[in-house]
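As structure tokens, the structure follows; a few thoughts come after it.
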Amino acid sequence: MDLGRYAAEVISAWGVSLALLAALVWWSVRRDRRVRAELERTERDHG
Amino acid sequence: MRALLTRDLRLAVRAGGGFGLGLAFFLIVVVLVPFGVGPEADILARIAPGILWVAALLAALLSLDRIFALDHEDGSLPLLATAPLPLEMLALAKAAAHWVTTGLPLVVAAPLLGVLLHLPGQAMPWLLVSLALGTPALSLIGTFGAALTVGLRRGGLLLSLIVLPLYVPVLIFGAEAARRGAEGLPAQTPLLLLAGIGLGCAALLPFATAAALRVTLR
Amino acid sequence: MRALLTRDLRLAVRAGGGFGLGLAFFLIVVVLVPFGVGPEADILARIAPGILWVAALLAALLSLDRIFALDHEDGSLPLLATAPLPLEMLALAKAAAHWVTTGLPLVVAAPLLGVLLHLPGQAMPWLLVSLALGTPALSLIGTFGAALTVGLRRGGLLLSLIVLPLYVPVLIFGAEAARRGAEGLPAQTPLLLLAGIGLGCAALLPFATAAALRVTLR
Amino acid sequence: MPVLTGVSFRLAPGEGLVLRGANGIGKTTLLRTVAGLQPPLSGTIEGAGERAGYASHADGIKPALTVAETLQFWADLYRAELPEDVFELFDLADLRDRSAGTLSAGQGRRLGLARLAVIGREVLLLDEPTVSLDAFSVKRFASFLRERHLARGGIAVIATHIDLGLDLPTLDLTPYRAAHDAAGGSDEAFL
Amino acid sequence: MPVLTGVSFRLAPGEGLVLRGANGIGKTTLLRTVAGLQPPLSGTIEGAGERAGYASHADGIKPALTVAETLQFWADLYRAELPEDVFELFDLADLRDRSAGTLSAGQGRRLGLARLAVIGREVLLLDEPTVSLDAFSVKRFASFLRERHLARGGIAVIATHIDLGLDLPTLDLTPYRAAHDAAGGSDEAFL
Amino acid sequence: MSIWSYANPRKFLDTTEPWVPWLMWLSAAVLAVGLVWGFFFTPEAERFGSSVKIIYLHVPSALMAINAWLMMLVASLIWLIRRHHVSALAARAAAPVGLVMTLIALVTGAIWGQPMWGTWWAWDPRLTSFLILFLFYLGYIALWAAIPDPDSAADLTSVLCLVGSVFAVLSRYAVNFWNQGLHQGASLSLDKQENVADVFWVPLLVCMAGFVLLFLALVLLRTGTEIRARRIGALRARARRSEPVRA
Ligand code: HEM
Ligand SMILES: Nc1ncnc2c1ncn2[C@@H]1O[C@H](COP(=O)(O)OP(=O)(O)OP(=O)(O)O)[C@@H](O)[C@H]1O
Ligand SMILES: Nc1ncnc2c1ncn2[C@@H]1O[C@H](COP(=O)(O)OP(=O)(O)OP(=O)(O)O)[C@@H](O)[C@H]1O
Ligand SMILES: [Mg+2]
Ligand SMILES: [Mg+2]
């Protein structure tokens, strides 16, 4: 795989984008987990 | 509506009311730019129309949070809202008062400040016309933004964030008209578009403002 | 003093508190200038250091009125003033909280915004250093101005008017350092002067601020 | 989230009602709802709205206006005449040209109440009107309500913690406190 | 412009004083002067200053902080411990984690008063502390003052229009009202 | 049964819940296929060289940035007209996703601009309108965050979304008027002759499908999170109310 002249650009663009996507997914999933746990606790206490 | 307008104007003129301060801010931004950019006359002349427009916009912006926040804090707003005056009219009166206290002085002062930035003489009328057409739209849009953020304690900067993207078309057409005027190009098209935006805002935004006020009041 | 600092930071981070909004304002001013001035890259590059400094200054300025006004309105200020904490310390804590919530984010964001204005790469470090040295002085001076105007209802624009002339030296040296950096000239002298101003402000202004507070409180 | 349930009253011209209840029971909420400032979660409000004048905990006083200008403004806004005697009635004659920002707490409150006499609304919704007033001013305000407002066919709903010396029917809100499983409220859909 | 002249009192530990007087007589002014927030035109204040805690008409409540955070902040600032029982004492236990902006008028006032129990000052200067409080809360506050504050050697000066049910000496300010031609004030030099 | 029955939060959760993991994995799979194909198995384009590979992230994210706003607009309208909580929460849930998509389009564009136009940033109309869109997202999210009462927040952000959409279109025209651009024309449209060659086009389509699926999955997931957060608030509120009345 030879990216030639544009290796730096292509790799950094892909790197940043995939990192942003991963961060978005990770953040959404983590927040969902937390809220689920919190809801379970609240339902146990006040349900 | 007359009563409200005169009250707001009177409040603005009283000590601490903010009349003339928007103007002073406009002046100060225009004065600061040469300190930042450097004193070369040709560059200043080149960027003068744009800077004047941006400064006018910021001066309008900075006074937006006065529109409703003061009335909200001291409890006048619910009383105004239950007065025999449609909320749309209240919105319009507030925007009008804002324009008279900030937009109008800016239009009047612009020629003076243009000189400070070496704005070419032939650009002056275009700058004035574009400001006169554009600033009412700025007041109307700003009133809408102020209504959105009125419940929030000192939502001043949030207000800026919300309002500035809405200001972009006005700024582009206004500055473009002034710039074309400065270069001796025809500037009718942007001016017409600017007038169109102003009319559209006057016709539609008071309803959005009133809707927002209804929510923030409850 | 720690308690006060953490309270102010916590208030700033809470909903509607204004953290990050100063930054957003910085961003927005930088975005607006090309709309006003036009999109040509060479002109933008030429005025970039100056505009970035003016924008940083305005962003700091806009958040000044939060420093004391909120505490004044809800009656906290007399209570803070009678706490076992010298007023000078109160002033310093307030300035520090203001810098952390506005100055610091500006320094961090400046490189990104430099790109928007086509700021040449070699100018970047100089811009950063000058902002890092200059913004604490802006916060200290601003706290003083806020203390002077705290009694006045919504003295926001008056505050700008009072503070801006005090900002001029900082702006001149800061922008000069960034501009020289951009052109590859030596920039040590303005940076040294900037650092000197910062230290002087930190040493002396808290006393002036405390004195102003004593007057505005009575 | 519901605060009160099942409250219901109906007032004929000339009648008044005193709302009582512990702090946080929902007096302010009820008055604001009747004034049309917030929608009721369920139930209906009839006949108030355009005819109501509401006086909240805050007085809506602009420090920069004088006492006379403040009252003139409210009269204009409600398209009413400024009654000649309102300054005497609320003991504001001496303060007529003082800027409202320099009033003491009780003087400011009197100005806030004077507004009600100016706007000429039939239904007055008063939230703790006598806060900060001295005993003399309280008596004076009570007699204004009795002789000027109610006697002329007005209606008044008054939330208060202290006795105003008016012999009006009293509604204690305590029994209406919303039970925990009460329906209503925007969060309801999520339960 | 002088408001009051010739007022003089001296309180020993454990003593309290109730200030009375019509609206605008100068109670707030007097309390602010004693608290050191404004200088007296003439005369001296002794022994207050660093030892005084002042509660004004406004409560200094930040809507964005919760009730518990508010009290913790004041405790930290005054380098005091947050007393365990302050929430019960002022009936705030249920509201502990509510953001202060959503409190009702009386609940907010209770929070403002709770601050006084937290900062541990010996001299309390209270400006109409029971405004907006219901009868039960007033009693509760009075017993806090009597049993917790005065009993432990504290001092309290209280401006109020309603009776708190405390048997404290009362100072009526009416006789001290400054005559119109009284001397004093910064304009003096030009006469 | 009417479609509005899904506006009930419980029903919405029960219906969408099982789909979310599947959608997640499906979008991951489609994205993996498209991206691997695009990265490893496409030739270089004559004008762009290997930098053309950026297109597989740039174009789909740009499309989703706009579509997310459109979805928010529709959801806001539904909330304003029919007052279904789920729709307001869906708009709220979509905003950060749209923000990140806008950011990706901007960043990849900026990186691409360096070799193609010799600058990170140019005030080209398309770039500029994306920057404005980014600001709209920021303001919208900040307004949601700043208002404590969820219903008021839903109302005000919906009004902002409506007004903002009008002004976004306006600024698009304004920006076009202001500056003639450097940016690529819309050569993706199917009816144009200068269509990109199929070698680029097919993997690009796969990537776009992947982005759409990912957007759907994320919005459903995040809407569920928002619904649960509201439910926590509702339960707490009920518990607070049920505490014994003071003696
Ligand atoms: C920050 C900067 C940029 C932004 C916000 C941006 C935005 C967009 C958008 C919204 C589209 C989709 C348009 C459509 O399909 O009709 C697009 C497509 C595209 N962009 Fe960019 N762009 C940026 C920079 C660049 C640069 C620097 C290049 C390369 C020179 C580039 C090349 C392309 C190409 C080739 C397409 C596909 C066009 C087509 O075939 O339809 N973009 N961009
Ligand atoms: N935004 C809110 N979130 C949660 N609870 C709230 C909110 N606003 C008000 N409340 C609660 O609603 C209840 C009713 O408040 P309201 O202001 O109507 O009381 P009130 O009877 O006027 O009390 P007071 O005599 O103290 O003025 C209070 O318990 C208050 O804490
Ligand atoms: N800036 C000012 N200029 C002129 N008069 C003032 C000013 N500030 C206060 N006063 C007057 O000083 C007097 C004393 O005010 P103060 O607030 O001390 O009264 P108070 O006894 O606390 O009254 P209340 O019971 O109504 O709170 C009032 O008559 C008030 O109008
Ligand atoms: Mg109340
Ligand atoms: Mg007083």
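Just so it is clear, glycine is given a Cβ too, placed from its N, Cα and C backbone atoms.
The transmembrane segment annotation in TrEMBL covers C:12-37 (among others).
Sequence annotations record features per position, and here TrEMBL assigns transmembrane segment to C:43-64 (among others). Residues of the same chain lying 6 or more positions beyond the ends of the transmembrane segment (C:43-64) and with a Cβ under 8 Å from any Cβ of it are 18, 21-23, 25-26, 29-30, 33-34, 37, 98, 101-103, 106, 110, 113-114, 117-120, 123, 127, 130-131, 134-135, 138-139, 142-143, 145-146, 159-160, 163-164, 167, 170-171, 174-175, 178-179, 181-182.
Taken from TrEMBL, the feature transmembrane segment covers C:99-119 (among others). Same-chain neighbours of the transmembrane segment (C:99-119): 8-9, 12, 18-20, 22-23, 26-27, 30-31, 33-34, 41-42, 44-45, 47-49, 51-52, 55-56, 59-60, 63, 127-128, 131-132, 135-136, 138-139, 182, counting only residues six or more beyond its ends whose CB sits under 8 Å from a CB of the stretch.
Away from its own ends, the transmembrane segment (C:126-150) comes close to residues 49, 52-53, 56-57, 60-61, 64-65, 67-69, 72, 77, 91, 94-96, 98-99, 102-104, 106-107, 110-111, 114, 119, 158-159, 162-163, 166-167, 170-171, 173-175, 177-178, 180-182, 187, 190-191, 194-195, 197-198, 201-202, 205-206, 208-210, 212-213, 216 of its chain (Cβ-Cβ under 8 Å, at least six residues beyond either end). Feature annotation from TrEMBL assigns transmembrane segment to C:126-150 (among others).
Sequence-distant contacts of the transmembrane segment (C:156-178) (same chain, six or more residues past either end, CB-CB distance under 8 Å): 49-50, 52-54, 57, 61, 64-65, 69, 123, 126-127, 129-131, 133-134, 137-138, 141-142, 144-146, 148-149, 187, 190-191, 193-194, 197. Positions annotated as transmembrane segment by TrEMBL: C:156-178 (among others).
The transmembrane segment annotation in TrEMBL covers C:190-213 (among others).
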**Message:** What residues elsewhere in the chain lie close to the transmembrane segment (C:190-213), defined as a C-beta under 8 angstroms and at least 6 residues from its ends?
**Reply:** 68, 81, 86-92, 95, 126, 129-130, 133-134, 136-137, 140-141, 143-144, 147-148, 150, 169-170, 173-174, 176-177, 180
